[in-house]
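The structure appears below as structure tokens.
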Amino acid sequence: MPTTFQEIPRERPVTPLLDRADTPAGLRRLAEADLETLADELRQELLYTVGQTGGHFGAGLGVIELTIALHYVFDTPDDRLVWDVGHQAYPHKILTGRRNRMLSLRQKDGIAAFPRRSESEYDTFGVGHSSTSISAALGMAIAARLQNSARKSIAVIGDGALTAGMAFEALNHAQEVNADMLVILNDNDMSISRNVGGLSNYLAKILSSRTYASMREGSKKVLSRLPGAWEIARRTEEYAKGMLVPGTLFEELGWNYIGPIDGHDLPTMIATLRNMRDLKGPQFLHVVTKKGKGFAPAEIDPIGYHAITKLEPADKPAAPKKASGPKYSAVFGQWLCDMAAADNRLVGITPAMKEGSDLVDFSERYPERYFDVAIAEQHAVTLAAGMACEGSKPVVAIYSTFLQRAYDQLIHDVAVQNLDVLFAIDRAGLVGEDGPTHAGSYDLSYLRCIPGMLVMTPSDENELRKMLSTGHLYNGPAAVRYPRGTGPNAPISGDLQPLEIGKGVVRRQGEKVALLVFGVQLAEAMQVAEQINATVVDMRFVKPLDEALVLELAGSHELLVTIEENAIMGGAGAAVGEFLASQAVLKPLLHLGLPDIYVEHAKPAQMLAECGLDAAGIEASVKARMVKLGL
């Protein structure tokens, strides 16, 4: 196996067994003795594929053996296999008839980064956000019972995703309805237990065997007739298992817990899964894997190798670097440290996105004021509300797509009480290859309808810094939404001065047409304005809207064009239209933004072009409307 990034194969490896296992049916025709060799081939294939396309890396390497075992033992796709999040699903895609399409992974018109029902019958549930698998698999298990079907339902969830409340809600409900389903905990961080070895593997085989299950059920029927006897026996079994395995929590929730077992020991996994396949009631299998298994750099640095960019040919000349500024997330991270030094009331909160949201420096400089709440967006927001009640100034650093999961808390716990919570909303707009499940397409729409909410959209790095200061000093809930990637390299002021709330800025004076820009499309708007001599306005604030400026522009121009990287429906442009209607002002309007579709994965530039939000698309749309109006 390769030991460095440069050693990842650039040519498709020779894989005679994998060639015969292109589908689960083909896999099940292989001898069990061949499966470990197949695992080596699949690992090489995954290294090659992701090296060519880029994408999620470490998680897939860690579940090679688990994926093989699941498709070998269960009758997929008739048996329903649900992957949580989907970062680990690349081996699953390779084994389910999509190997020859893997080089289109995450590319325009190619296969998706995550399981998609529309892509394959083996993708039984579409995912992207975490902690949904148990609920989905439970729904499938209940449906199977209602349909008198014997098909199995299996959820595979990581130890990180299991921290979310939704997962425990599903675990609790499953035991209430005594669902026939299997949950597999893919523990690749060893955060629950390190007790893995020969003894626990042996114990798992015993506890999952039909003999043990039959004896257990028979004893339960007998002892249930004696008051208190079954409870004593259950506790005795629980304590005995608890001495060797860490499953007490799941046993208390009513699940039959098996494990932990070595997730890279194929014979043990296959034997255990065969035993558990026909057990009744909710079954829980704890599998310990190593993220990045088989590729030393990823094993050593699983966070750094969570995802990688594609390998370029060794002889390819380096592409000239475009002039660009720092990443927007880096600007936020620097501001957070600067404001924390100036205001000891500031605290930083993130739901498991320390690296992505650029809170690493803050966490190291102010560890007592940094709170990573794990994958618990609802808790993160209400935690911030509680802190704000006591005079703290919380900053919730969160991706736009994940803030959707805490919308009730945002309204009920923060906004209704008018609490001082600043939401630093990263990955707003289109995010590229991860596709619609990770896009931040709706935040302006769902934020601007909340009374008292301050909503800002920066056009560059310096505007972002000023808006963060504005939100921090605002009395009430505030949100700043900014995109993934780098800015236009605007000079950044080192001060912490706020903006005047609700005031836009005219960046270019033209005639007839005014381009009202909400966000980072300002540069494209300026290009277009040069071609048609349009006025360009950096609106800055979605709420409160600069109503005086909008009225002024409506009075001095023949066409107003709103531009935003948000859903057109209910977005910033809609706010302009609603205001003009309320003032009985009739003025031609053109709203440019994200259409009423899920924009499929592609490179960000391709997605913007598809939506008409690049300079060429904006110019074409504006000119077409000018022709209609006779301008």
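The backbone N, Cα and C atoms fix where each Cβ goes, glycine too.
The feature thiamine diphosphate binding site is assigned by Swiss-Prot to HIS87, GLY128, HIS129, SER130, GLY160, ALA161, ASN188, PHE295, GLU377. Feature annotation from Swiss-Prot assigns Mg(2+) binding site to ASP159, ASN188; the stated evidence is sequence analysis.
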Long-range neighbours only, meaning 6 or more apart in sequence with Cβ under 8 Å: which ones does GLU377 (thiamine diphosphate binding site) have? PRO351, ILE398, PHE402, LEU403, ARG405, ALA406
Count the Cβ atoms, other than its own, that fall within 10 Å of the Cβ of ASP159 (Mg(2+) binding site), considering every protein chain shown. 18
Only counting partners 6 or more residues apart, tell me which same-chain residues put their Cβ under 8 Å from the Cβ of ASN188 (thiamine diphosphate binding site). ALA59, GLY62, GLY158, ASP159, GLY263, VAL288, THR289, LYS290, LYS291, PRO302
The sparsest Cβ environment within 10 Å, among the binding-site residues HIS87, HIS129, is found at HIS129
Max CA-CA distance, Å, over listed thiamine diphosphate-binding residues HIS87, GLY128, HIS129, SER130, GLY160, ALA161, ASN188, PHE295, GLU377: 32
In DSSP terms, helix, strand or coil for HIS87 (thiamine diphosphate binding site)? coil
